[in-house]
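Trainee: Got a structure for you, questions after.
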Amino acid sequence: MTIRLLGRTEIRRLAKDIDFRPRKSFGQNFVHDANTVRRIVSASGVHRHDHVLKVGPGLGSLTLALLDRGAHVTAVEIDPLLAQQLPTTIADHSHSEINRLTVLNQDILTLMPSDLENQPTALVANLPYNVAVPALLHLLAEFPTIRSVMVMVQAEVAERLAADPGGKDYGVPSAKVRFYGNVRRYGMVSPTVFWPIPRVYSGLVRIDRYETSPWPTDADFRAQVFDLIDIAFAQRRKTSRNAFAEWAGSGNESARRLLAASIDPSRRGETLAIADFVRLLQRSGEAEEQVRVQ
């Protein structure tokens, strides 16, 4: 039996059958266009050997398409009604693929590796505006087995995630996601392919985790790097010397550490790439050690 994807009429009929009304607080807008669904799944690079963590499966459009690729899917849905309905929908529109689906009714921000029987190798997510960045950073940190990410978010969030250093959209999210891997845009998604129709465009972003990380990835090191990123963007128009003065203990010490990391102290924090923040932390530790030895 070939998997049948959900169209607009089917999605609305299914919602009516289970007496479901989309909730804005959960960012519930469901893709009903088959071409868009196939485009997203194709761009994700998911194949039959993957175990996919699907965040926000909703009524099941993307989940069906992921199963159609032969992947195993763990779908995490915060809405209890949708989580309860999803296995039935998958069974009705496929055949043996239901055996490759696991559904959890849980808040993604609380999900931990111990909650899953199989650790995911890929993440496909449709994230609402208010939790997009925290959820993405949480999953990247807690699930190092995830090698690739395809996320659909509001267009402005997509622009921030994929922005380059020095650009107007470059900020804390841009720098932090690059701690984990390479980031690139995969185009826009029109509001008209959703039900209900949102007021804004969505954007697709793919993240590929570094094959071998250029820097340590332990939680303590990551937290220190992220602290530097937060400091730099708290007053993004300040020079790096002034921005890091309190952290370093003085303006002069800030300049010394920046120079040790081959960073011009007059540069603004908004121009620093993730490698700059990492180098600043590492060279600062080396500089402090040299001072103690002297």
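Glycine too: its Cβ is placed from the backbone N, Cα and C atoms.
The annotation S-adenosyl-L-methionine binding site is assigned in Swiss-Prot to Asn29, Val31, Gly56, Glu77, Asp107, Asn126 on the grounds of sequence analysis.
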Trainee: For Gly56 (S-adenosyl-L-methionine binding site), name the DSSP secondary structure in the helix/strand/coil scheme.
Mentor: coil
Trainee: Taking the Cβ of Glu77 (S-adenosyl-L-methionine binding site) as the reference point, list residues of the same chain whose Cβ is under 8 angstroms away and which are at least six residues distant in sequence.
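Mentor: Once residues fewer than 6 apart are set aside, Glu77 (S-adenosyl-L-methionine binding site) is near Gly56, Pro57, Gly58, Ala83, Leu86, Val103, Leu104, Asn105, Gln106.
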Trainee: Using the residues the record lists for S-adenosyl-L-methionine (Asn29, Val31, Gly56, Glu77, Asp107, Asn126), what whole-number Å value is the largest Cα to Cα distance?
Mentor: 21
Trainee: Give the number of CB atoms, excluding that of Gly56 (S-adenosyl-L-methionine binding site) itself, located within 10 Å of its CB.
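Mentor: Other Cβ atoms within 10 Å of Gly56 (S-adenosyl-L-methionine binding site): 26.
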